[in-house]
Every structure is written in structure tokens, then in C-alpha cells.
Amino acid sequence: LPAAVLLKDTKLMDVKLGQLGSWLATRDFTPGGIMGAMRRGYERYYNKYINVRKGGLGGISMVLAAYVVLSYMWSYSHVKHDRRRKYH
Amino acid sequence: MNLSFFDQFSSPSLLGIPLILIAMVFPALLLPSPGNRWINNRLSTLQLWFINLITKQLMTPLDKKGHKWALILTSLMMFLLLTNLLGLLPYTFTPTTQLSMNLALAFPLWLATLLTGLRNQPSVSLGHLLPEGTPTLLIPALILIETTSLLIRPLALGVRLTANLTAGHLLIQLISTATTTLMTTMPVVSLLTLAVLLLLTILEVAVAMIQAYVFVLLLSLYLQENI
């Protein structure tokens, strides 16, 4: 039982591969938990790259690049017909 | 070969789940709300400066009653500007190419200006239907013409935005297809086409910003007539 409590508090990079399943079981997958995780991720990114004294183009460019990659993934099944191939 | 050049405008969906909501909400992620510091980060400062510029520009001709419209006009401007500009990135989807969305933006706002005018100052609002100094014989014809021009305003607003953006995206796709197809057979012509494509992209960036501005400016003009 002490091991399970300690497992809940370890970060993902410190979890051993064999403990991954039990670590995932300790996470909060309720809608409130997922919103909390998204909020924490957003705050981490924002405070590291944008909310700094001399933020540059990189902070927002990474977001736009991720949006482009995501749009490509979403439209791939559509775009693959536009390639110059003999057999699509 | 492309199945059709209009395929880029079909509403995106993933396994049957429509993604247009994400495309519409994404610009909001790029506008963080400023914190409670005296000097904010560069993005927030830039954003605040730009929003102040737009609001001052839109609200100067209006009197105090019209200032209630500041929030919706400025947010509309930011939304249109960002969606138009984001649509120029590769593989992204531009929601403002859909006529349904532009009409849904134009119709209620235009109707709101019209009803505000008819409710608060009906005779002044109706008086706009007849310009000053028209000869008496022309009055019936002119009233009909002005009423038609009034009723067609929301259609014009929506279709103007849709047509401009759709035409721009189509042109970019056509010229880039021409460039890639010509690269194997006539490389010099392909280079010329590439130069045209570069100029066209600069034009499209300008058009994206101008169309958003025109939309909001016309709405504020309709508001000025009626407030």
C-alpha cells in the first residue's frame, strides 16, 4: 500500500516500464480530471514559452506548426488521392 | 490528379466526427488573457495594443449608445482576422469559406442594427431610404431601389467574404498545381509560375486582413445609420 501511494506521486519519466500499467491506473480519468490535465499542460507551455520577459516567435510558431501537422493528419485520407501515383 | 479543386472546402471530419468546431475555436487559443501584472508578456502586450487600435478606430464615429457594440464588433474582427490568416497555413481548414457560417454571422448582426434603428428612431431610419434632393418624380422608384439595397446587405456581407476567400484559396491551389506539373517539362516556366504564386500568397495575406476589416467596418456603418 505505501508503494501504491508513492507510485501515484511519481512523475511519468521516473516510472519504471513494468510499473506503467499500475501508474496509469492511479491517474484520474474523470472529465474533471481530464480538463485539469489539459489546463496544467496549457499552463506549463504558456509559462515556459510565452509568459516570459523576452518571448520570441518560437512560442507561437510551435503552436502553429502543431496545428498544421494536426490538420495534415486529419485531412490525410482526403489528400492522399492528390498524389501523382499510377495506383492510388 | 485532384478529384476536384473544390475538395479543400469540404467540411473536415475524422471517422465521421465533424472537426469544424475545433477549426473555429482554435483562434481563441492564440489570444491569452493578460495577467494582472503591470507589464505583460510580449504576446499579451501586442494583442492589447492591437485590440485598442481596432476598438478606437471602430468606435470613434459612434456616439455613446453605439459603444455598447464595442465588444461584439471587436471580437468579430479578431475572429475573422485570425480564421482568415490561419487558413493560409498549409492543410488547414478555413471556416469562413463556408457560406453558411458567413451568412450566420452577417444576418443576425445586420438585423440587429436594422431593428435597433426601427425601434428607437423609426422615422430617421426610414428616412434613409430616400436621399436628399431627389426629384419628385423619381421618389417611388428610388424608395424601391433603396429598400432592395437595404434588404440585400446581409447577403452581400456574407457572399463577399465567402467569395473572396474561396477564390483566393482556389487560385493558390490552381497555380501551385501548375507549378508542380510544369517542373518536369518546362522548368523556366515553372519558375515564373512560382514567382506568380509568391505574389499571390502576399495578396492573399492582404485580402484575408482586408476582408475581415471590411466586414466589420460595414457593420459599424450600418450601425451608425441606425443608432
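From the backbone N, Cα and C atoms, a Cβ is placed for every residue, glycine too.
Curation does not apply to TrEMBL; its annotations are automatic.
Feature annotations, reproduced from TrEMBL:
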| type | residues | note |
| --- | --- | --- |
| TRANSMEM | B:12-31 | transmembrane segment |
| TRANSMEM | B:69-89 | transmembrane segment |
| TRANSMEM | B:101-118 | transmembrane segment |
| TRANSMEM | B:138-158 | transmembrane segment |
| TRANSMEM | B:170-189 | transmembrane segment |
| TRANSMEM | B:195-223 | transmembrane segment |
Below 8 angstroms Cβ to Cβ, which residues of this chain, lying six or more residues outside the transmembrane segment (B:195-223), approach it? 58, 61-62, 66, 69, 73, 76-77, 80-81, 84-85, 87-88, 105-106, 109-110, 113-114, 116, 153, 157, 160-161, 164-165, 168-169, 171-172, 175-176, 179
Contact ranking winner - B:69-89, B:101-118, B:170-189 against the transmembrane segment (B:12-31), Cβ under 8 Å: B:69-89
Per the Cβ filter (under 8 Å) with a sequence gap of at least 6 from its ends, the transmembrane segment (B:101-118) is approached by 24, 72, 76, 95, 124-126, 150, 153-155, 157-159, 161-162, 215, 219, 222-223, 225-227
